[in-house]
Number of protein chains: 2
Amino acid sequence: MAEGPRPKRRREEEEDEKPGAAPHDGAAAAAPFPLAELRLQRVLRESARDKAVFLHGEVTGPSGEGTDAVIILEKTPFQEEKLSDLLKKHVKLELQMRNDIYSTYHLYPPPELSEIKTTVVFPATEKHIQKYLRQDVHLVRETWEDYTQITLPFIQSQSFSVQWVYNILEKKAEADRIVHENPDPCDGFVLVPDFKWNQNQLDDLYLIALVRRRDLKSLRDLTAEHLPLLRNILREGEEAVTKRFGIAPSRLRVYLHYQPSYYHLHVHFTALGYEAPGSGVERAHLLADVIDNLAADPAFYQKRALTFALRADEPLFHKFREAGRA
Amino acid sequence: MAEGPRPKRRREEEEDEKPGAAPHDGAAAAAPFPLAELRLQRVLRESARDKAVFLHGEVTGPSGEGTDAVIILEKTPFQEEKLSDLLKKHVKLELQMRNDIYSTYHLYPPPELSEIKTTVVFPATEKHIQKYLRQDVHLVRETWEDYTQITLPFIQSQSFSVQWVYNILEKKAEADRIVHENPDPCDGFVLVPDFKWNQNQLDDLYLIALVRRRDLKSLRDLTAEHLPLLRNILREGEEAVTKRFGIAPSRLRVYLHYQPSYYHLHVHFTALGYEAPGSGVERAHLLADVIDNLAADPAFYQKRALTFALRADEPLFHKFREAGRA
């Protein structure tokens, strides 16, 4: 799995290269990758939304030995200046379906308008291949009983470290990044930019509110007792984002994850226009809804089933499967 | 803004059609849309992530008058069975960059491997054009009072046509596309592939369940009375997708939109691995959660606030703003 087993192959490849053939960009050069001779081993992953596919292939060398390659194919965004050509110069236009004012077609454009971005990793190690390999994802619908009998024992058996959270709360790290804090030990929190946001543009704004108290793992621990804390986070967090970044509350998505990636209660603030990973209905819970649910029923999250997705290789998924619940 | 100003154009179009040219689905027919004669007016919106573009164009009729059309071009996901051809039969492969073990290329495939899904709305009204035009988006948190005082009067004042839904329910269109149906007039529904899915690959599987009864506009109309209907949709819909497409229920996201794009109750079925547009927490409501909410409180959706996003140019957003609620 690790990079370990195959470093030698890469060094051999580099030694084979002719220094004189270096292209203008100064990188080590070679003939174009022999794409047509690639033997397709399997599809590692595909993304229908992104129109991309990740392939594992093998190239046979002169002495008959196979060398692994990873190939990423991705269709490219439309270019505005080529749209007229695309509409006019199609090779074929096939009617697929017609209903009322709507119709759909298959349009086949000429090659020069159909560029596919192709990325080659060659030679590829096992680690490269694993990196792009998709695992199946399954929905689990966790009842309160599932939580107490499967999920909670699992969380407790793992020693998930949240030292990095404590470092922020104690100002041992990222103290200069704090956007807002409420010092109350019970109903207080710290708001910081998420690691995923580089803060260069507001389009993908992403902040995290970390609660000060350390006894709340997730949504499942919340009761009406926590309403003051949750209302503080929503109101003060929105105000702080408006003040610092000029983004109005109506342009912010404020939510919790279930399952979270770490079991110290936290709330996500993302720009509404940014479809942040994890903002889908199968993982995100709007803080405003959580507050209303707890106000209507103080034990809402100790009663109700919650749906979430797990990768087939995750230990928690195995626990659900062993229990016959997935 | 409303559909109102231009209904005549649509009737004229229908009268012009030749009955003999009806395609197999029985819908009103016509010659293929004259794509090559379209005059491109502007790009309404583009999505670099989805590799899609939304265009406003105009077609000139025999008497010289222009008629608006909306054209949606979207590159299609890769099909597994065509990957080998794609690697071998490219027309050209251009090296773009090479660095260490990484290189990138432009690959130009032959037309038959470069299908573009093309959706035509013709004739298009101003409303269709506005629908696809990119705009700022704001969250609204709609209380039940907001619904009765702002949203419901607005819906009733608009004459949103759902004739295409009735065409499907009455088998006047898309009859050959029905994946499953339950004929019960009260608790029955029809399951069909969504327009957005070309059915060539399962990665972006997308089906819609349309309820037979015509008195349910949205989530806001649902009470415990509708639990049999909703449970039928969830159970039979999942079974039908497993049977026809081999996709287990744990790999399906089943949800409603609020606000929906049309006010005839329907449920979305999408592949879990596909981050379908509209599957975000600010629009999607898992059918399993809706069922549990109604089982716990028959009037849940007549009591609780619901959050959704509206574009700044949408008439409903103006209504909320006028009322001081956005």
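Placed from the backbone N, Cα and C atoms, the Cβ positions cover glycine too.
All annotation found in TrEMBL is predicted automatically rather than curated by experts.
Copied from TrEMBL, the annotated features are:
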- B:1-30: region 'Disordered' (REGION)
- B:20-30: compositional bias 'Low complexity' (COMPBIAS)
- B:W164, B:E174, B:D194, B:K196, B:257-268: substrate binding site (BINDING)
- B:H266: active site, nucleophile (ACT_SITE)
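Structural mapping of features recorded in TrEMBL.
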residue: B:W164; record: substrate binding site; DSSP class: helix
residue: B:D194; record: substrate binding site; DSSP class: coil
residue: B:H257; record: substrate binding site; DSSP class: strand
residue: B:Y263; record: substrate binding site; DSSP class: coil
Subject >> B:H266 (active site, nucleophile) to B:H257 (substrate binding site) - Cα separation in whole Å >> reply: 8
**OP:** Identify, in sequence order, the recorded positions in B:W164, B:Q259, B:S261, B:L265, B:H266 that approach chain A with a C-beta to C-beta distance under 8 Å; the answer is 'none' if none do.
**Re:** B:W164
Original post:
Among the binding-site residues listed here, B:Q259, B:S261, which has the most company in the form of other Cβ atoms within 10 Å of its Cβ?
Top reply: B:Q259
Subject >> Count of other CB atoms lying within 10 Å of the CB belonging to B:H257 (substrate binding site) >> reply: 18
Original post:
Where's the emptiest Cβ shell within 10 Å among the binding-site residues B:L265, B:V267?
Top reply: B:V267
Original post:
In sequence order, which residues at least six apart in the same chain have a CB under 8 Å from the CB of B:D194 (substrate binding site)?
Top reply: B:Y206, B:L207, B:I208, B:H268
